[in-house]
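*Asks:* The structure's right below; bear with me while I get my questions together.
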């Protein structure tokens with residue numbers, strides 16, 4: 001019999017019951033809650049007179065609606081100007097309070113983007129099932145946890161039963177082998193993967209990311225990659241456990257206690273695909289061939305290398321694709337065959353659950369150090385993923401590097417990734433963004449998003465247009 | 001959840017691939033803490049010429065005359081015909097809530113994104129996956145024939161065209177059962193309380209660090 005994939009192992013370890021119709025009940029170890037997709041779930045519990053099955057499995061924090069300026073945040077919830085946003089955040093506070101769920105509130109140092117907060121606390125552990133009413137829950141798969149986004153009805157279902165009705169996915173492995181070039185990062189890897197397999201390429205699959213280039217990544221880099229599995233259509237992204245995983249988790253607040261640590265590590269070591277495991281689909285990329293990536297369209301699959309040109313719809317055969325590209329170029333205000341490096345920018349956003357961790361900020365700061373944001377840029381902002389990331393960055397002096405270069409240094413939250421708060425693009429504005437979605441209107445009505453790595457975003461802020469960060473970083477640095 | 005057994009309805013064609021959930025219902029409407037009232041903002045950025053915000057009177061907003069749902073021949077449509085990878089992007093259940101609130105009971109497409117697929121079925125919306133060629137043909141027929149209606153029978157797993165052609169579709173047994181009977185998932189799962197408790201106890205013994 002063939003060996004098991006990592007996904008197969010995680011699935012079978014959580015299987016409560018299999019039904020004849022192909023559906024199954026799987027047990028959920030961790031549910032993360034935020035203010036946007038939970039109110040209707042709590043309301044459902046109340047209406048049915050139900051209680052959460054297991055309080056300690058839940059952890060909550062407000063992130064989508066919170067303002068990110070120092071001034072607004074100083075006032076706590078009262079600083080949320082939009083009354084509708086305020087109600088949503090207060091509703092999360094009230095629900096957590098009345099049901100007894102642990103919450104890191106708006107001005108708790110541990111507050112932040114839910115997908116940054118949980119790993120940072122050690123609340124995401126290898127071998128767990130993790131769910132959240134947010135598609136970027138795939139992030140947590142970097143820890144060999146079976147993690148995926150769910151809808152609000154499912155949030156209520158997990159609160160009430162600690163289980164999810166699920167169907168087994170198929171297995172895909174994406175291997176990235178070799179060494180990345182200087183200035184090329186995890187974000188470029190995942191954008192290149194999406195460019196290769198398409199935005200629906202992973203639909204129905206759990207994708208395991210493997211290969212030497214993935215092994216070489218830090219946990220932050222692996223989280224960036226798993227985070228965007230959903231942008232390739234896969235609800236689940238996974239990376240097997242190794243020393244990097246275990247070293248990251250040591251002594252985190254929610255990690256196993258000293259007495260349990262060795263037993264936990266022992267169990268975690270098995271959370272890798274067996275050598276003889278069979279995948280339904282396999283894709284291989286050569287890390288050395290990946291250049292810094294920039295999206296030019298309105299779907300993450302509409303991506304190119306920085307040295308490339310914007311595509312010409314006339315060169316495509318498929319009618320639906322041709323119309324899709326033409327529509328995207330019109331929305332984005334770009335011309336066929338335009339150089340990517342000729343795209344001029346209005347705003348730069350460094351943040352989001354994809355790229356707001358300490359390593360991301362270090363990479364951006366390295367590029368920004370001693371330089372100035374171009375005069376043509378209306379706003380360049382850096383939004384740390386959590387209060388603790390912010391604190392760490394300040395301890396390293398990164399805040400000063402950004403501020404001196406002309407970036408705004410903000411308080412933690414989802415910020416301009418989806419503009420449910422005050423941070424947004426105006427109509428027609430082009431933004432170099434380290435977030436995960438370039439959908440129409442995502443960052444603001446009529447806004448034009450280009451997805452890039454933190455280093456590429458920082459370089460674009462300084463140049464005022466896209467530049468190849470590989471050449472940028474080779475330029476002599478000012479003292 | 002409302003049941004779905006049989007439905008005959010006017011078809012509206014949305015000829016565009018990769019329709020994401022941000023397009024189905026933009027982020028500013030996700031601030032609501034209710035499950036209802038999203039219909040007026042379904043496809044908000046395609047449907048109106050101005051920027052929408054929560055709490056607005058949508059009847060006073062300028063409509064985009066080019067958008068399919070604004071055309072008089074598609075008024076009252078309850079079956080949406082769409083292209084591949086419909087519903088990609090976020091996990092927001094506000095997307096099916098908006099479709100349902102608008103009056104759609106079924107969506108037909110060559111493929112759907114996984115999370116949206118789950119969410120729609122939890123809200124009594126039937127998603128029918130048909131091959132690209134069949135969907136292409138339905139697009140042509142819908143556009144060519146004003147008042148084009150399809151009859152859907154979930155029990156029989158068929159879509160019947162006005163000319164009497166019967167197209168079969170696949171659906172998994174559990175989703176079909178729940179939809180036909182309008183079943184509450186949570187109630188069903190709680191019938192397995194014993195099995196869940198037993199699993200939980202074993203799980204706690206094997207990995208005590210997962211429990212605090």
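Glycine is no exception: its Cβ is also placed from the backbone N, Cα and C atoms.
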*Asks:* Please identify which of A:226, A:353 is recorded by TrEMBL as part of the [4Fe-4S] cluster site containing A:414, A:417.
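*Replies:* Between A:226, A:353, TrEMBL records just one in the [4Fe-4S] cluster site with A:414, A:417, namely A:353.
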*Asks:* Which binding-site residues (A:353, A:414, A:417) come close to chain B, taking a Cβ gap under 8 Å as close?
*Replies:* none
*Asks:* Judged by the number of other CB atoms within 10 angstroms, which among A:353, A:414 is the least packed of the binding-site residues?
*Replies:* A:353
*Asks:* Taking DSSP as the reference, which of helix, strand or coil describes residue A:417 ([4Fe-4S] cluster binding site)?
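*Replies:* It is helical.
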*Asks:* What are the sequence-distant neighbours of residue A:417 ([4Fe-4S] cluster binding site), meaning same chain, six or more residues apart, C-beta distance under 8 angstroms?
*Replies:* A:349, A:351, A:352, A:353, A:354, A:433, A:435, A:436, A:437, A:442, A:443
*Asks:* When DSSP is mapped onto helix/strand/coil, what comes out for residue A:353 ([4Fe-4S] cluster binding site)?
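*Replies:* In three-state terms, residue A:353 ([4Fe-4S] cluster binding site) counts as coil.
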